[in-house]
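According to Swiss-Prot, the feature domain '2Fe-2S ferredoxin-type' maps to 3-79. Look at Swiss-Prot and you will find Cys37, Cys48, Cys51, Cys63 tagged as [2Fe-2S] cluster binding site, backed by similarity to another entry. Sequence annotations record features per position, and here Swiss-Prot assigns domain '4Fe-4S His(Cys)3-ligated-type' to 79-119 based on sequence analysis. Annotated [4Fe-4S] cluster 1 binding site per Swiss-Prot: His95, Cys99, Cys102, Cys109, in sequence order, evidence recorded as sequence analysis. If you look up Swiss-Prot, you'll see 138-165 marked as domain '4Fe-4S ferredoxin-type 1'. The feature [4Fe-4S] cluster 2 binding site is assigned by Swiss-Prot to Cys147, Cys150, Cys153, Cys200. Swiss-Prot lists Cys157, Cys190, Cys193, Cys196 with the feature [4Fe-4S] cluster 3 binding site, giving similarity to another entry as the kind of evidence. The domain '4Fe-4S ferredoxin-type 2' annotation in Swiss-Prot covers 181-211 and is backed by sequence analysis. Look at Swiss-Prot and you will find Cys264, Cys267, Cys271, Cys299 tagged as [4Fe-4S] cluster 4 binding site, backed by similarity to another entry.
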Amino acid sequence: MQEHLVVTLDGKDYLVEPGTNLLEFIKSQDTFVPSICYNESMGPIQTCDTCTVEIDGKIERSCSTVIDRPMTVNTVNNDVKDAQKEALDRILEKHMLYCTVCDYNNGDCEIHNTMDAWGLQHQTYEYKEKPYEKDYGPFYRYDPNQCILCGRCVEACQDIEVNETIRIDWDREHPRVIWDNDVPINESSCVSCGQCATVCPCNAMMEVNMEGNAGYMTDTEPGSLAAMVDLTKKAEPGYGPLFAISDSEAEMRKERIKKTKTVCTYCGVGCSFEVWTKDREILKVQPSHDSPANKIATCVKGKFSWGHINSDQRLTKPLVRKNGEFHEVEWDEALNVIADNFTSIKEKYGPDALSFISSSKATNEESYLMQKLARQVIGTNNVDNCSRYCQAPATKGLFRTVGHGGDSGSIEDLEKAAMSVLIGTNTAEAHPVIASRMKRAQKLFGQKIHVFDIRKHEMAERADRFYQPKPGTDLAWLSAVTKYIIDHDLHDKAFIEEWVEDFDEYYKSLETFTMAFAEEATGIPEAELIKFAEECAKAESVVICWAMGITQQDIGSDSSTAISNLLLVTGNYRRPSTGAYPLRGHNNVQGCSDMGSMPDKITGYQSIEADDIRAKFEKEYGVKLNPKVGKDNHEMVEGVHDGEIHSLYLYGEDTGIVDSNINFVQAAFENLDFMVVQDEFLTFTATFADVVLPASPSLEKDGTFTNTERRIQRLYQALKPLGESKPDWKIFQAIANKLGFDWNYKHPSEIMDEIARLTPLYAGVSYERLEGFNSLQWPVHPDGTDEPILYLEGFNFDNGKAKLFPLSFDNYFKQDEVYDIHVNNGRLLEHFHEGNMTYQTPMIKYKVPRAFVEISPELAEDRGIHEGAEVKLISETGEAVLQVHVTDRVKGKEIYIPLNNDAMENGDLGAINLLTNSDVDQYTDTPSYKRTSCRLEVIAKRGKSPLNPNNFRVNKKRHPQYSVQVQKKWERPDYVFPGNQVDK
């Protein structure tokens, strides 16, 4: 194959790699060619025709031209300019330029910028208004009269996010963007990811919060606005002066609109973007092609759910309980109360009578200081975080087999794998941006997706193969598939020989895991498992993603281990697009654990029991550290009931709602001598506290998060803390100093420098290396090099070899005769966890106002109930009253309850964890949330649906197509390619 091709661009020769996009090459040489419909994150769409150039004497679109031969390209001759002007004129026929009074006049309107850069002074075709009104959804609106039909929104919806709602109806007299079968936005299958508004090159598709708020004159009434536009156009002879005025106004906006890079504070994907603020008002969230985890993608939460920042429910002053009621106090008083109580409890009962729970929503630096406060200042290892509730079993399984508790590679690897296997993960709702990458890979590039889940969620519907095992039985089929692969000589013998140990012992342990055994245990037909095993073994590359459907079982650690065993046997580690991906739930649950907020590990998973590790930290901290492993979250609650724990300090965690068996947890809170809660809001858990401290959310501080792919990213302060709230790191420092220590951090970067000194995984991390959209994936070496793909140099054991780990299985699913219904639970797309943050955004609450229970059509028929029925669910530990949504996403006696119950408004009413019990995974103490059974009593047989009728789940169907179907435009009788109009 020829290495380079000669391209002559405007008379100058260049050597270009074959396969290069011509438009991208032209741009790389700082040569201007208009390209309004083109976006580097989406590729050629071919609707605008503005990028025409002359290629070997013929006018063609440069965006869709691949350099596959030597070619001569001209971007400046008269024919090219005439063709480009024709295309630009046609755009202005559809789009009125009223830039100065347009909310989009912020320096990045691609129509304005293109016309200005090209030098267009007058348009040939008069603007023609279309017979359509604006269409408003809850978060964005569409203005057909400003739409140029570039199709970016369609490409984004169909082939980037792959939500498959938006398309262009090219058959109309006046084509326009439509939703589904031409219904209003708010009545469509749209999931409000907002990417259509992100990629729109003008003001046709725009965030509702932007409208009337961005410019100095954009809040003008429509009639007055039209008059201003007409007056301006009559006063100026051409577009040059108009652009000069609008450019000046756009420059003025920089004084009022602040653009700050941040990282999403919801799930573990780690989407980064700029947040646009005017004073405290959040105008929009704008992702970038430079965003390393998400590129231009977002979900409804990251794009639109920021109501919590300015919510009137925010805490703005410390609260101290006096005579049974909370009273606002000054910071010094609150800190004194904390210091006095911590001191007295420590003196009376010892340091291990105090306990600390860190937040997976807070920054790395804050998580580090929480564990430092516990270990250095108090002298206890009783510190933990919410990974105990979800991810600890996955980490345990990976520590056993490959040595690192994190994703094997990057999100990009998930997209490029030949086969993706999803086990117990509702990826489309819990990690929607990752799901979009997989959906795109399947739709456009043929990735095979296999889903194992008890519930038919979106990824199950889209899967090439969907398997429904009985609850809690995944270990059985995973081990049986692994045995079958070895038995039939399909395993990667060379990989195992070089990189894996304990094979013989492991293989012997598989003796009982026959396919017949797996079918009996799981209910999946043997033939289906055999076919999966053969496809898995033969696939060029395999990734396995899993989440709480695996980890929140009493055998979560063993099931996670079985996943890694299968990957090792098939040689699916140490290569791009292979490996294990335990999808982290919270934005910083990975980082919180990395930072040592764990009872047995200090930063970077260094053992607190190791003398040399303690010595290193003792030198830094200036105190002796407690060598005794502390209590985890589960043990803390038990410890309160046993009289061993007397104080609890937690922040950014609504433990009284999200822990299992919350009646038992809440009783523990009542038994504490002293409790401190630190949060944005007076959460349900905070109502049990003695002191409540007002904390600042992510937009009000600097710091770093570490996402599910081990990617460390900076977030920058966009707003001042509201009222007297403070960033968590400042609060920890104030408490430490009240207790006699001398913490003197001026900025979180100093905290990260300390972390890097003490933590090999983060040794090369610095704020300078994380500037802007730069990121690093641990382990980060002292010179700043990182490891996007783990294990390339060997596995994280002394000899560099992975370990196959023998397992057994006797966890058969048996339905109780009394508690005859199995309770599944998890997230919804619109809400995050219990919903404390998301319920503060009114339109999110409008879409999903409350928790509910999904019931199968067959169970509904059996119990004589209908949509909206009210039922009481009763388990061994408690009861919950919920409304019914009847759906085939669940089957038989399986039900599903979302986690969000708006506890700040409803308390624990309807909370799933009224039903869960205290059973845990034996190795990690992770609650068996998914191992819950109940019985059902009917209160009312029918009622109003718990879902808003405009929710996308209610009888809404997707409308898939490939791209914008531009050929339909080309087939219209009123279309002529501009290049064909040029008079040669």
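Cβ atoms are placed via backbone N, Cα and C, with glycine included.
Here the features listed in Swiss-Prot are painted onto the structure.
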residue: Cys51; record: [2Fe-2S] cluster binding site; DSSP (3 states): coil
residue: His95; record: [4Fe-4S] cluster 1 binding site; DSSP (3 states): coil
residue: Cys150; record: [4Fe-4S] cluster 2 binding site; DSSP (3 states): coil
residue: Cys157; record: [4Fe-4S] cluster 3 binding site; DSSP (3 states): helix
residue: Cys193; record: [4Fe-4S] cluster 3 binding site; DSSP (3 states): coil
residue: Cys200; record: [4Fe-4S] cluster 2 binding site; DSSP (3 states): coil
residue: Cys267; record: [4Fe-4S] cluster 4 binding site; DSSP (3 states): coil
residue: Cys299; record: [4Fe-4S] cluster 4 binding site; DSSP (3 states): coil
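Here the candidates are the binding-site residues Cys51, His95, Cys264, and by Cα distance the one nearest Cys190 ([4Fe-4S] cluster 3 binding site) turns out to be Cys264. In sequence order, Cys109, Asn203, Gly215, Thr218, Ser246 are the residues of the chain that are 6 or more apart from Cys102 ([4Fe-4S] cluster 1 binding site) and have a CB within less than 8 Å of its CB. Put simply, Cys193 ([4Fe-4S] cluster 3 binding site) is 29 Å from Cys51 ([2Fe-2S] cluster binding site) when counted between their Cα atoms. Neighbour density at the Cβ, taken as the number of other Cβ atoms within 10 Å, is lowest among the binding-site residues Cys99, Cys196 for Cys99. Taking the C-alpha atom of Cys271 ([4Fe-4S] cluster 4 binding site) as reference, the shortest distance to any of the binding-site residues Cys37, Cys153, Cys193, Cys196 belongs to Cys193.
Annotation for Cys63 ([2Fe-2S] cluster binding site): spatial neighbours Asn21, Leu22, Leu23, Ser35, Cys37, Tyr38, Gly43, Pro44, Ile45, Gln46, Cys51, criterion Cβ-Cβ under 8 Å with sequence separation of six or more.
Cys109 ([4Fe-4S] cluster 1 binding site) falls outside any helix or strand according to DSSP and counts as coil. Counting only same-chain residues at least 6 apart in sequence, those with a Cβ under 8 Å from the Cβ of His95 ([4Fe-4S] cluster 1 binding site) are Ile111, Tyr127, Gln146, Cys147, Ile148, Cys202, Ala204. Close to Cys264 ([4Fe-4S] cluster 4 binding site) in the fold, though at least 6 residues off in sequence, lie Gly270, Cys271, Ser272, Phe273, Thr298, Lys301, Gly302, Asn587, each with a CB less than 8 Å from its CB. Cys267 ([4Fe-4S] cluster 4 binding site) sits 21 Å from Cys157 ([4Fe-4S] cluster 3 binding site), counting Cα to Cα. Cys193 ([4Fe-4S] cluster 3 binding site) has its Cα within 10 Å of the Cα of these binding-site residues: Cys299, taken from Cys48, Cys99, Cys150, Cys153, Cys200, Cys299.
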